[in-house]
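**Q** Before I ask anything, let me first share the structure, which is written out below as structure tokens.
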Amino acid sequence: MNAQPTPPHGANRLLEWFCAPHLLEEVQGDLHERFIRNVTLLGATRARQQYGREVLSFLRPFALKRQPREYPSFSLLSPAMLQNYIKIALRNLARNKAYSAINIIGLSIGLAAAMLIMLYTKDEVSYDRFHKNNPAIYRITSQALTPAGNTSRMEPYTGYLPGPKFHAGVPEIKAFVRYQEDRKDMKQGNEVRSQTVYSADASFFSVFTFPLLGGNPKTALQNPRSVVISEKMAETHFGTTDAVGKTLFFKNDDNFQPYVVTAVAKNCPQNSSIKFDVLMPMIVSQDEMANSENWFSVFMNTFIVLSPGANLNAVQSKMNQVYVADASESIVEMAKKYGITEKTQYALQSLTDMHLSKELPASNGLVDESNPTFSYILSGIALFILLIACINFVNLTVARSLKRAKEIGVRKVVGGARSHLIIQFLGESFLLCFVAFVFALALVGLALPTFNQLANKALSLAYLFDTRLVLAYMALFIATSLLAGFYPALVLSGYSPVATLYSRFNLSGKSYLQKSLVVLQFSLASFLIIASLTIYSQFNFLTSKDLGYEDKNVVIIDKSNLKRSEAKLFKEELLKNPNIVDVAPKNGGRWGTVAKVNGETQLNFEYETINDNYLPLFKIPILTGRNFSTDFPSDSSQSVLVNETFVNVAGWKKPIGQVVDFWFRNEKYTVIGVVKDYHYESLNQTIKPQLFTMNPRNSYGRAFIKLKPNTETASLHYIENVFKKLFPLHPYSYQFLDQENIKRYESEAKWKQMMLFGAILTIFISCIGLFGLATLSAERRTKEIGIRKVLGASVSGIVQLLSTDFLRLVSLSFVFAFPAAWYAMGEWLKNYPYRIDISVWMFALTACIAISIAFLTVGWQSLRAAMTNPVTSLKSE
Amino acid sequence: MKRTYLGEFEEVVLLTVAVLGEGAYGVAITDELDRQTGRAVSISAVHAALHRLQEKGMLSSYLGDATAERGGRRKRLFTVTVLGSRTLREIRAVRDQLWDSIAPQTLPAVSI
């Protein structure tokens, strides 16, 4: 017999869905009956169509209307049930103090970490967004293109010309402002202080939004002798913020000149890349503006405002047209003079993209340059911590559910539906999360100062009260509650009431999820331990590696334009004090230049201007040849020293006597000695070719003073007196070289602390979770332990029995953590030219730490279980 | 007139239930209506009317046997209640009274 044709499935489903249950049977039966008849009368196809039409015709009120049930079901949210849920939840929390504490502590730490990171991220992305002209504010940037058309260098800075020239040549550019950092000596009473000042064009306050407390934003920077100061500066200098019209003295051309305060600006917001205390008008001479070589001199930031609706690409190409037209001559000239083959192409960078940009960072007068990687790593750690806390919750709730199995059974028997139980358990997780959330807020408040210090921020709690952030926290709260509560709710609500009430219920056998979650927790924790160990050793390596010179007891004194005679006098005066061992001058800052070797090869190198006792002071050895010497008066005009790298790069076999040709100055020097390579920069950078000269045309900018050990206080007093006597109009400040060297690794130090915190927190939360699980497992096996003891098991045997399971899981986690950590740390170390090797001992140590901490947590519980008198555990049934 | 109002369709359905006696259920009623009146009625309209009549208390119903051609589903069998039969009779009485009151030769003769 042929298969009977059936009514269309979809139509049937539709009918079943909309038709009231009490009518469904007869209606569906009638339709079916007619369908069967229609199949014989009309054929299957038309019968199906007819069926569909008839189903649709039943879309009438009578068929849709549901009959009221005989026994009304409980509303999910009836007040009585809600009250019951809350009561039971609170009783459970109060009764199982240990578990509640573990969950709440874990979750609040996790939530606090996540909240801090959100705060941090919010601050990071909010940088420079407060300007009213956004998103029309851009920074002029450029890139150097090789003749092949590849980008060889990204240049975030500009010189004097691009701003005004582009403003004049591109109609879409409404305004420009150049912004440059500088230092000026400022007189305060009789004190001379070196003050960071910024100069900007008069349009500064119309481009950027920095509210003024007093003064006119339009005219504040018009007069060349005017100055705008910050609220803070006004407070410290004048004791009042009402400082408009008062006078400050700054050094200009060797004498102090009065500057009139034309405006007092509110302190710059925390999330601003532009932070100034003193702002002056930018003065650029006509000569500078006319000199088209200035297109190639790049040292500050220039911002522009585009008119509304301007096309960015069109503006950029117009800018490049202006540049090519204006600089055409000097492009040719520079190519001839310095052999520059690269082409410059100008572009615009949105102000709001600046803060987190890696290629075009906000520096050179702009502050708080930030690396987005740091945000990612922080978010990763916070996520780890939160995840581990959620895992604790899931594991403990499921493991503990045995105790609540009876409650679930009874609820089901008296008519609780599964959905009610899910709501109940989810509600409990929400309650717990809420408590944790409150604690987390308190924790954030407590941890914020430390966090600020680590993250180099000035965040405050008031920052929290921001609609978006509050919403984000709400989302975080809900997500955590669901993440932690959903799985247990699903599992617990699925228990069969019969099994639970007959006490035939056990959880053994299928705790794979629990086990894998524990493995995950410890993998994350071990990963972070290895990460912090690696960062620690790398940091130690960086800070303790032999730099190739002695930086102990060396004081640096900056004095701009230190003349040869001054340096000599300064040294003579200082050496009168027996505590001062030696004095050596050097150029200020870092100089680099280019010269020809082997005839025509151009070589870039670090250009150091020193004198004959610079190298001996630092105990930097000379490998071949000799040091500069006063015995050879021609040294200063004819001789240079080079370092080993220079020799290697130049490819010299016999360095002594080679010629270095400064062709553009028409000067030639002979190499008289090779200096052993030393780390003149931080260890994050490779040693580059270095050339030492005594060229009298180069001025010194700082003096290194070697002291006898433990004479710092007296020596510094003496140095200060000498300095003030000799250079009364110059600001005096000193630094210790070894401390400066340490400061170069501040970012590593920060990473180190962050990682350490992260590792400690994750391992802590993982362990309290493990502790909870161990306690539960010991409780569950009380009788078993009792019987084992009665039959003669030893305490150590029982401890071993109870701990092995957990320790095995912890060991398993290494399988996942070690390769991941090995890879990640390898990648991180690649950032350092001088680095440690990842060694086996880190992994071994991590394994030791993780296993011993886990053993301590589990072992203590196991020991307690093993020590109980079997009588107590066996007598009660 | 103090009685429950019955629509024309309802009245016809009620009468059909009475005609069918023991075997009055959705499909049978629809077919019978089709046969007797010659008008094509949709099954859902019949169901709606039956439902309404039951709500008005003129029909009572019970679930009958399942048959194979209904896919194993039971049919709902309807019978006319006392109220239903009284209403039908009243309607008929009113009609008869009205017919009787018409003067002879008032209506034009109709040839069949």
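Placed from the backbone N, Cα and C atoms, the Cβ positions cover glycine too.
Copying in the features that TrEMBL gives for the protein in this structure:
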DOMAIN    A:100-321  domain 'MacB-like periplasmic core'
DOMAIN    A:381-497  domain 'ABC3 transporter permease C-terminal'
DOMAIN    A:529-682  domain 'MacB-like periplasmic core'
DOMAIN    A:757-870  domain 'ABC3 transporter permease C-terminal'
TRANSMEM  A:98-120  transmembrane segment
TRANSMEM  A:376-398  transmembrane segment
TRANSMEM  A:430-451  transmembrane segment
TRANSMEM  A:471-495  transmembrane segment
TRANSMEM  A:516-536  transmembrane segment
TRANSMEM  A:754-778  transmembrane segment
TRANSMEM  A:790-818  transmembrane segment
TRANSMEM  A:838-860  transmembrane segment
**Q** What same-chain residues lie close to the transmembrane segment (A:838-860): Cβ under 8 Å, and 6 or more beyond its ends?
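**A** Distal contacts: 522, 525-526, 529-530, 533-534, 537, 763, 767-768, 770-771, 774, 799, 802-803, 806-807, 810-811, 813-814, 817-818, 821-822, 825-826, 829.
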**Q** Are the transmembrane segment (A:471-495) and the transmembrane segment (A:790-818) close enough that 3 or more Cβ pairs fall under 8 Å, when only pairs 6 or more apart in sequence count?
**A** no
**Q** When only pairs 6 or more apart in sequence are counted, do the transmembrane segment (A:471-495) and the transmembrane segment (A:376-398) reach 3 or more Cβ pairs under 8 Å?
**A** yes
**Q** Counting by DSSP, what is the helix, strand and coil composition of the domain 'ABC3 transporter permease C-terminal' (A:381-497)?
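**A** Split by secondary structure, the domain 'ABC3 transporter permease C-terminal' (A:381-497) comes out as 103 helix, 0 strand, 14 coil.
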